[in-house]
Each structure stands twice: as structure tokens, then as C-alpha cells.
Amino acid sequence: MSLENLTFKGGFHMDDHKSYTQNCPLDTNFEPKMVYIPLHQHIGAPCTPTVKVGDEVKVGQKIGESKATISAPVHSSVSGKVMKIEQMVLSNGQKGEVVVIESDGLNELGYTETNDDFTQLSKEVILERIKEAGIVGLGGAGFPTHIKMKKKPDVKIEEVILNGAECEPYLTSDQLNMELYPQKAIGGLKIIMKLMDCDKGYIGVEDNKQKAIGILKNAAKDETNISICAVKTKYPQGDERRLINAITGKKISKAQRSNERGVQGLNISSAMAIYDAVVHSIPLTHRIVTMTGSAIKEPKNIYVPIGTKFKDLVDYCDGFKETPYKIVVGGPMMGACQYNLDAPTVKTTGGIIFMNEKDATLASPEPCIKCAKCVDVCPIGLLPLFLQLKSLNGDFEGAEKMHLNDCIECGTCSYVCPSNRPLVEAIVHAKTQLKAQQRKRG
């Protein structure tokens, strides 16, 4: 079954810049000499090391874990020797503890691969395998997946939706995953449906990925309760609530969780990692990273051991053809700018963008012309121009009354503004100042 031309109100179709890597094959030949694996790659408590300097480790061996409820273990992505356990500046700008491992190039496995029938496994066993594999949300902030997949007995899930929209410009790692491993996507979806006691599953993919849609449809041709949905190509179609609205028609406020409305969503690469963990007992040690942009010499989609330094990936892409004026981890709309190529990749690193001066330079802001384009595209239905005015005037409580905290910070308003007003930046500033005022008052 297939559904097409689905969308939500608002949003904007922008130049996706995916041509850099959209047709690039998966490069599986990259092997770093050293990896720097952070012990905190997820929302929740950081892990403590389970190895010490001098230990020999294998691929998939657990090197960090936590007894906290919300956390996810960390595994070695190479076989070799632990050289250091030290503090390092990570891609989020914060210092974190990393396990430094020198690879021996042998890639010896520290786990035994299985080939289990997940339909014969209990929910408890499935959740334990997801937990032990260290799986987190690969399309967002990295929330531990085994926590997200625990369904309360009184909650009824009517639909499970896998998010394959990948709406951010430049990124193609999810697309390549869908094209290469469609059976993992279908299998992962069926595992989640089992956990949720749900008999209806959807995979949402933007309609600029026709190859992936066709491959998924073929893989799901015998699945009567799974639908492949071609959603309109526009930003931010990949936002979970926007995708749910497009596919089911359900509107979920920021204050609500999707499962309160009977929907469980998950990034499609996370679902594939679930399949690997549950069926084959494979922990999360690698992921596809899109190396792209106008400044990189050879854009690629690379199968990357987690903990690889950015500069090692740049060298593997033959360096820069122009000076990169902006480096972004994640998408250009909601990703994080970088200043340090010594930072390592983590579980949530799906792409690194290197922009030349032309692509990175922003035009100077001009006075607002009251065109209301920012209002038209806001997927939440806010009034960004007035929120900016409240922010500039220091009226943060006034901005709160205009639903400031409902903003998802997608940046669509700033993107379409003909006057180049920094709308989302002002909104983020207002949120920060409002929280500071509230903390001060206690």
C-alpha cells in the first residue's frame, strides 16, 4: 500500500543541495588509525569507562556504561589498544570524556552475530538487546531508544511511523540507508510494531527520493499493514510532529508526546539499527556520514566508525578545494557550527557540511517590509516578526504570551525573509533570556 502527496500546513521548498552526494555510492573502505569515542553521546547520564589504558578491545566490545535509568552504553568501533582516557572538546562545544583507541586494522569482533527470528522473542528480550546495543535516536538529540520503546500498559498506539523524510538540505545518509537496506527498514518497523502492540505502520519519505520510495515499496509489497508514504518535499517535513500530521492528520502540540495521541515515531536509521541489534546482536558502532558542501574536494557518503575525527574524514575526501567559511555538523538549518576539526563523530553525526565563502555569507538585514512570508511558512502558526520585535525590545514575557516556547527553531522564517531579518535567532535569544529571568525569580 502507498500514499502520496502528503504534507502539513506551512513550510517551504528550498534548494536541497543534495546533488553533491545523492548519487554517491557508500564508501566502506575508510579505516581510521585512531578513534576518540565519547562516553556521552546521548540524552541522559554519561557513561563511565569499563576499560582502562592498555586494554585490548574488539569491535562492538562495551567500553562505557551507566547505571542511570536514562543512558546508553558505548562500544568500541575498532579493534586495538586503549591508549588514553581523556577530556576532549566535542562537536557540541562541551568537554567530554573520550576513550582513545589505536586501531590494529584487524576489525576483530567482540560479539557473536546471530540470526534470530524476532517474532519468537519476548518484548523484554527485544528491549534488552536494543539497550545493550547502545541504540539512540539517530536523527535527533540521541534519546536512548530502549526508553522510548517502553510502552506503558494504559497507552494504546494506533500507528508507528518511521521518519525517512531527511528534509534538511545536503544530507543523504538516511536516503542511502533506505536504498541499500530496505529489508532492515521493514524489519525494524515490524519489531517496533510488535513492541507497541500496533498493527499499522508507515514509512514517510520525501518525494525527491523516488529511488528510495520505489525500493521500499518493493520490499513492503507483501506487507498488508505497512504503507510507504511519499510526502511533499519541503522543510521541515522531517520534524516528527509535522510528519505525523502529514501522514495521519493528527496535530500534536509541543506540550504533548506523540504516544499520547496514539502514534510512535522513530528515525528510519534508528529502526535499521534496532533490526541489527535484535536479529543479529550487532551493537551500534558505525554509521553513514555524508561529507558534503561546496568547499570539500570529494563529497562522499562514508561508512564511519564512531569516534573518527572530522579532520581524518576531510583527509579521506582529499581535503578542501576552497577555504571552508562555515562547517556545520548536521543540516544547515538546525545543525551546529564547528570551529574544531579535531572533534570526533558521535552516534548522531549524520553529516558534515563544508561551505565556501559564497554559500556561507549572509546578506545584511534590512527593515521589515511586513510581507508576512514568515507567518505563511511557520509550521506552528506563530508570528515570527512580532516575536522578534518582542525580543529586540526585551519584552520576553510578552513573547511568551505569543507562544514563544512553541517555536521549534526550524529557521524557516529566517530563510524566507526578503529583508534577511535574523528572526529565529531573536526567538532563541528570547527563550534563553526568559529562562534566565524565571530562574532568577526562583
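Glycine too: its Cβ is placed from the backbone N, Cα and C atoms.
Together with CYS368, CYS371, CYS374, the [4Fe-4S] cluster 1 site in TrEMBL holds one more listed residue from CYS407, CYS410, CYS417, which is CYS417. Using CA atoms as reference points, the binding-site residues CYS368, CYS371, CYS374, CYS417 were checked against CYS407 ([4Fe-4S] cluster 2 binding site), and the closest is CYS374.
When the binding-site residues CYS368, CYS371, CYS374 are screened for a Cα within 10 A of the Cα of CYS413 ([4Fe-4S] cluster 2 binding site), the ones that qualify are CYS374. Each residue in the domain '4Fe-4S ferredoxin-type' (358-388) gets a DSSP state, and the totals come to 13 helix, 0 strand, 18 coil. Here the CA atom of CYS410 ([4Fe-4S] cluster 2 binding site) lies 14 Å from the CA atom of CYS417 ([4Fe-4S] cluster 1 binding site).
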